[in-house]
Amino acid sequence: MSKRAYFGTDGIRGQANKHPMTAEVALRVGLAAGKLFRSQDDRRHLVVIGKDTRLSGYMIEPALVAGFASVGMDVRLFGPLPTPAVAMMTRSMRADLGVMISASHNDFADNGIKLFGPDGYKLSDEQELKIEALMDEGLQEGLAPPRGLGRVQRVDDAQARYIEIVKATFPRNMSLAGLRIVIDCAHGAAYKVAPQALYELGAEVFPVGVAPNGTNINAECGSTHPEAMARLVREYRADIGIALDGDADRLVICDEKGVVVDGDQIMAIIALALAKAGKLKAGGVVATVMSNLGLERLMTDNGLKLERTSVGDRYVMARMREGGFNIGGEQSGHVILSDFSTTGDGLIAALQVLAVMIETGRPMSALGRQFEPAPQILENVRFSGGKPLEHKTVKEAIADGEAQLNGSGRIVVRPSGTEPLIRIMAEGDDPALVKKVVKSIVSAVKAV
């Protein structure tokens, strides 16, 4: 595959007002993507656009709109809406393209652009490369004549539509009545829809992270800071806590005691329930190389399989589609349930866990520890440039660590696809050895 100039593992992402996350690049994305999808025939073409609550969304959104409208694509604006909702609405509104303006779990200073095809799935690498090629050539060609410019409208009921879709994934014979639920929306895209959906299903809802001001998204709250949710669960004596990230495509849960449950355990809860009901497809789960060894062992012990992919929910989804799986995800909390959605959806995943709680009559504390995690350490090392993983000393440190683990664990060292970080993960049955191995690799990376 050719080298990508703009797109990373999850669309285009960066600090607002710095390349590539500038108004100029956003305009080019609109022009290029609009030309690509409009060129297929002569009918009117439609793009739908959602965003999270970052201040820079007010800069990126109009730049994208200008690009799309100038090449003749009609635009529908959703305003703040979760990423999975934009994917769903792309398909339900029969749009040619869906756009989400978000940097997911990152700090407010970052932003990003994610693109979805008419089927609601993220664009392929090949499609992104075609857009990149168009971004760097003759953008003044193919502009629409004055009467052919795109029309732009806001969709006032986008949030209500998504709430109804989400509620439809919850069993009709069940209600959340009697359950006390803390929901942390990270001051992000789900700040209205998530509490409302839970309330309409009967829960007593304690919302937090629902006062976005443009700069507080993900700030000491949401799925990257579950301690805030856990504290409130204990304070309100809630049955469960649910923490979403800024664009609500991932979640973390905590039980009634405030113990945090990560994406691996959430996948295990849902997968085993599906298997018991005879609804698990392809005999297993798709996860990434970062998922805990304990999840793999649990699947094996239950006669199921765990298939691993590179990090990134797009790669998980690709393998799910290839193999016919209906559940996959990441330890970080992306949980994809393809019976309902084309991408990770934190709110839908939370509802499936709640359904298991109700079906079994067990508290979250009894469900949240489906397997004993193998001791695992993850360290992030920031770097300013170059390719640290190509240095001889780093390669030697990794090889030495693998030799020490001697088949009783795993090492994964990789660059982040969204930040200038090297992520170093090791796991195994001996916690002291795992710690030693990670420390050695971290030192090697920092030294280059």
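Placement of Cβ uses the backbone N, Cα and C atoms for every residue, glycine included.
Pulled from Swiss-Prot, these are the features on record:
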type	residues	note
ACT_SITE	SER104	active site, phosphoserine intermediate
BINDING	SER104, ASP245, ASP247, ASP249	Mg(2+) binding site
MOD_RES	SER104	phosphoserine
Cβ neighbours within the same chain of ASP247 (Mg(2+) binding site) - under 8 Å, at least six residues apart:
ASP52, PRO82, THR83, MET100, SER102, SER104, GLY188, ALA189
Listed in sequence order, residues not in SER104, ASP245, ASP247, ASP249 with Cβ within 8 Å of the centre of the Mg(2+) site Cβ atoms:
ASP52, PRO82, THR83, SER102, HIS105, GLY188, ALA189, LEU244, GLY246, ALA248, ARG250, GLY344, GLY346
Can you name the residues of this chain that are 6 or more positions from ASP245 (Mg(2+) binding site) yet have a C-beta less than 8 Å from its C-beta?
SER104, HIS105, ALA186, GLY188, ASN218, GLY222, SER223, THR224, LEU251, GLY333, GLY346
